[in-house]
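Per Swiss-Prot, ATP binding site is recorded for 52-59, 360-367, and the stated evidence type is sequence analysis. The feature domain 'ABC transporter 1' is assigned by Swiss-Prot to 18-272. Residues or ranges marked as domain 'ABC transporter 2' by Swiss-Prot: 317-567.
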Amino acid sequence: MSSPVPGLMLPEKRVVEVRNLSVYFEQQGQRTDAVRNLTFSVDRGETLAIVGESGSGKSVTSLALMRLVEHAGGVIHQGDMLFRRRDGQVLDLRGARQRVMRTLRGADLAMIFQEPMTSLNPVFPVGEQIAESIRLHQRMDRRAARAETLRMLDLVRIPEARNVLDRYPHQLSGGMRQRVMIAMALSCKPSLLIADEPTTALDVTIQAQILQLIRVLQREMDMAVIFITHDMGVVAEVAERVLVMHRGESVEAASVGQIFAAPQHPYTQGLLAAVPALGSMRGQPFPAKFPLLDQNTARIVDNVPQDTVPAHAEPILQVSNLVTRFPIRSGLLNRVTRQVHAVEKVSFDLWPGETLSLVGESGCGKSTTGRALLQLVESQKGDITFDGQRIHQLKGAALQHLRRDIQLIFQDPYASLDPRLTVGFSIMEPLLVHNVCRRQEAEKRVAWLLSRVGLEPEHARRYPHEFSGGQRQRVCIARALALNPKVVIADEAVSALDVSIQAQIINLMLELQREFGIAFLFISHDMAVVERISHRVAVMYMGQIVEIGPRQDVFERPQHPYTRKLMSAVPVADPSRRQREQVLLVDEIPSPIRAIGDEPTTAPLVQVGKRHFVAHHPIAGAY
């Protein structure tokens, strides 16, 4: 073990103090400064939020504190990182040996990573993984460590914790896996918890649970917390102080109240302007672009909302009683014994120039609905009509022709672009496959499409890895628009992007809708973004639509309890409206898996207003 280093002093309540930290990465002789001259501190019981967009250096800062940045090729070449252990001794993390760091990590210093599935070992039960940390740092035997593991799972409000002990990570939902990560991080009562984007990929209701859980446990353990995020709504919900990072440097640091009430730096002002605030569209019947601030000049760029749905138009897409189920085989004869009831009797219409948003939590069936429209998954029942033609049983050339008119934008642009092809060829490929034009004309159209989505024509020669996340999503939008589609299905198209990039992509989609009359089926779990972009909204739960209507009615007068639950879980980017603590919701969405012949109960939608329909029946877990 290490001993206190003479001369290192911290104020009594101070847990960590970072002074002039600089980190760089070197690759092929080129040096990239990831963090430059960063200074901050965190006291016991305090939460510091470090915010900024991708590439700002916030995650590198956390890895430097854990001394894990060296394993990723980083070099800490300047600065001090003073840290107070639980026993009161102070040491400089920068100068600590790896042997000492191994005793600190998981004990005095703990970290929750963004993606729990990649942080948990898939071949060990989650209980064994938590118990291993407890045995290592607290010198407990197996029986005592298992009992302490059970106590920690109870502490993080996992229902039926005893049954969860022996489950593997893949058998748990995203919210449950993140709670397991929190239990593991807190199992040895650390002085400092670093939470690196712990809720970014989670649904709003699960996110609300995780944020409240961290606050409750912080109070119980009097722990310092560094919360790393790009979501300003989350910052307003959890932080006492905020550090804003941009290109590896601190551009502003102040109390959470000061940052939100009177941000000084143009970059901070731009971040806040790009935050989709729930309720900001109150009284407005049509979608509206984000009033973006130029982050260099702080000048606002706004527009006037206008209707893009032609009067007296017929629906371009009609879906009636769509049912999609996936078989589960088991037993010696590999027979179908159960089914995943992904979509149950879903019906809706979509008009030209309209955006209909499908919202709900993971597993509600919204993505399956979008894929079923293009026959990317097989539906068992239902009727789909596109532009007056029934399409749900099209095959061969007829189906290929349909896919010219209905295009799909996926959530992960990197996974949906071939890394071996230039982005120019990826955009051109649909034009060549469908024999729309010759190669020379296709190259001209690619240049025009890239310009239209805010990229340069010369970018056509680059590969996907040479672009940022937001730029890659623009490439995917350009590819989707190459064939002049009438309908675009956007499946979580902006959920993984930084707030300002997200706002730019939403604005681009609204511009293209206004220019070309495209109808969007926008699939999302982000209620604040949905409020901004939608004409109408359909709320899905357990494969069923439980509420559908004009966006203004659904958001300002939600009728179904599940819709209200989704709304109340959205973090508000205003610390003065910080949600008072509610009873922690631990209900998981019931399983959609049923035995053969066990039909789910569905209820017809009842009209409660003009084009506003609600399912009037109690659904377990929705209330």
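All residue numbers here begin at 1 and follow the chain in the order shown.
Every residue gets a Cβ built from N, Cα and C, even glycine.
Per-residue confidence over the domain 'ABC transporter 2' (317-567) averages 90 (mean pLDDT, predicted model). The Cβ of Ser54 (ATP binding site) lies under 8 Å from the Cβ of His230, Ser468, Gly469, Asp498, each of which sits 6+ residues away along the same chain. Scoring each of the binding-site residues (Ser56, Ser362) by how many neighbouring Cβ atoms lie within 10 Å, the top position goes to Ser56. Applying an 8 A CB threshold to same-chain residues 6+ apart, the list for Gly360 (ATP binding site) reads Lys366, His525, Val539, Met540, Tyr541, Leu566. Of all Cβ atoms in the protein chains displayed, 26 besides its own lie within 10 Å of the Cβ of Lys58 (ATP binding site). DSSP assigns Ser362 (ATP binding site) to coil, not to a helix or a strand.
All protein chains included, Lys366 (ATP binding site) registers 28 other Cβ atoms within 10 Å of its own Cβ.
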